[in-house]
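According to TrEMBL:
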- G12, S13, G14, K15, S16, A17: ATP binding site (BINDING)
Amino acid sequence: MTFILGLTGGIGSGKSAASAWFESQNITVVDADIVAREVVTPGQNTLVEIQRAFGEWVLQDNGELNRVALREHIFKVPEARKTLEQITHPAIRQSIIQQLQRAHSAYVILVSPLLFETNQHELTDHTLLIDANESLQIQRASQRDGQSVEQIQNIIRVQMPRVNKQALADDVVLNDGHLEHLYQQLMTLHEKYLALAEKKQS
Ligand code: ADP
């Protein structure tokens, strides 16, 4: 099995920017957010299970998941989140494992905003936190997708606090300067990961 790096960070910390850089170095990146969307597309067993657990109303007329209605329901009924996660998390994990196994690059990255929160770090050999202070997170995330400061603060609040992630991660990159500065730090780590990957293979 190839060396697996888990990459995480709070919203707006620079995970996607870091992932794109690693991809430019021919490293395969499996994105847990994309997998989470894939497992609930029409035809997937997970979507059938969600419909069985919650009712017809979770589907739109075209058979796709009604995310807005489900989000509102979860907001109103706290146990519903648990029910939903019990259905989706094992499916997401299974699909992540399959995609990691299919990768052929020198090492492979699992990028996930909830790497530690959902224990996905157990699937990895080593973890890297892309870290930025909260005001930078808010500034970047609001510029990127036009979300309000309150919306971003709400997301930050449900994510694990920075200090906890700093303590758990094997490597931490502080993304508080120019992108070039981020890429320089990543280059140093990339060399290290290539060596670790080689060591794991031998
Ligand atoms: P995440 O994936 O962690 O939510 P992104 O990588 O999408 O965060 O970064 C959020 C936004 O900030 C993006 O528009 C990205 O291009 C920008 N960004 C990230 N790092 C930097 C940086 N060091 N300097 C300037 N802009 C940055």
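Even glycines carry a Cβ here, placed using N, Cα and C.
A TrEMBL annotation is a machine prediction, not a hand-curated record.
Feature map: annotations from TrEMBL on the structure.
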{"residue": "G12", "record": "ATP binding site", "contacts (Cβ under 8 Å, 6+ apart)": "A132, L136, Q137, I138, Q139, R140, A141, R144, I152"}
{"residue": "S13", "record": "ATP binding site", "contacts (Cβ under 8 Å, 6+ apart)": "I130, D131, A132, Q137, N175"}
{"residue": "G14", "record": "ATP binding site", "contacts (Cβ under 8 Å, 6+ apart)": "I130, A132, R140, N175, L182"}
{"residue": "K15", "record": "ATP binding site", "contacts (Cβ under 8 Å, 6+ apart)": "L7, T8, G9, V111, P113, I130"}
{"residue": "S16", "record": "ATP binding site", "contacts (Cβ under 8 Å, 6+ apart)": "V111"}
{"residue": "A17", "record": "ATP binding site", "contacts (Cβ under 8 Å, 6+ apart)": "I130, N175, L179, L182"}
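Shown in sequence order, G9, A18, I130, A132, R140, N175 are the same-chain residues outside G12, S13, G14, K15, S16, A17 whose Cβ sits within 8 Å of the Cβ centre of the ATP site.
A coil conformation is recorded for G14 (ATP binding site) in the three-state DSSP classification, outside any helix or strand.
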